[in-house]
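> These came from Swiss-Prot, pasted as-is:
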type: DOMAIN; residues: 123-217; note: domain 'Rhodanese'
type: ACT_SITE; residues: 177; note: active site, cysteine persulfide intermediate
type: REGION; residues: 302-332; note: region 'Disordered'
type: COMPBIAS; residues: 310-319; note: compositional bias 'Basic and acidic residues'
């Protein structure tokens, strides 16, 4: 395959027939060689997929023919290799999980700010700039002077708002996330809580990096993405970070040189959190992956039970690593 096009897309829209879209959408993606995951719910569609330019163009055209799925918000970036292993279309209760009932971006949402106007907004000293992403995302890159809520999941964001933000004190609040979808709900939530002037970066960080010249940019570092690239730089190319296969935390080359790093088994973030049983399981998984690589295959696991357990281990270790990271920062 030539250069791979990675497409992050979403749209909040009433989709009462979302379940009936699943099978034909999956069939279209599989026939076009598109990999990645799309989520469908009664509130819309969300996900990231990858394929050839023609395949992605055809997918967007196919979606536009479905009731309500025209004019989908999407951002394109590129990679030399396919960043996903599988093709999935999942049915969900929400396309982005905040855990608060009744939040509807179709009814109320913050003010969209174009990337070209973002610098001016966040340079206003009266504006509180809040990063709505998770702690491990913030660690590798964020906007200058942005507040880090130190959340491990988006579900924790409402609690952060209740504990740290006040409509009477914070008159102007600007928020951002990777592609814009989390801000649809976070700004809607703030509006529901009585905040008056609430803004968010239209298209998210990815759109900002695409449209704003690097010499004019207020972005510092790289942007975490939820695929095998781990992070992208300002040119939207694969960045310098790798990812620990045990805990999923982004890691640098320096961290990979640490004695705590064992490929597929541990890294400095999670080495103290892994049990001996988990270590043995990770070592076996890595061995199978290496064997598959020698055969020119992608190891995705033939034992369903082992795959499920591995995912549970990854989530558990990620949580522990994030807590460890937060505690380390708090203790400074």
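Yeah, the Cβs are placed from backbone N, Cα and C, and that goes for glycine too.
Could you give the neighbours, burial and distances for every feature on this list?
Long-range Cβ contacts of residue 177 (active site, cysteine persulfide intermediate) within its own chain (separation 6+, distance under 8 Å): 131, 132, 133, 183, 186, 200, 201, 204, 205.
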> With H, G and I counted as helix, E and B as strand and the rest as coil, say where DSSP puts residue 177 (active site, cysteine persulfide intermediate).
coil
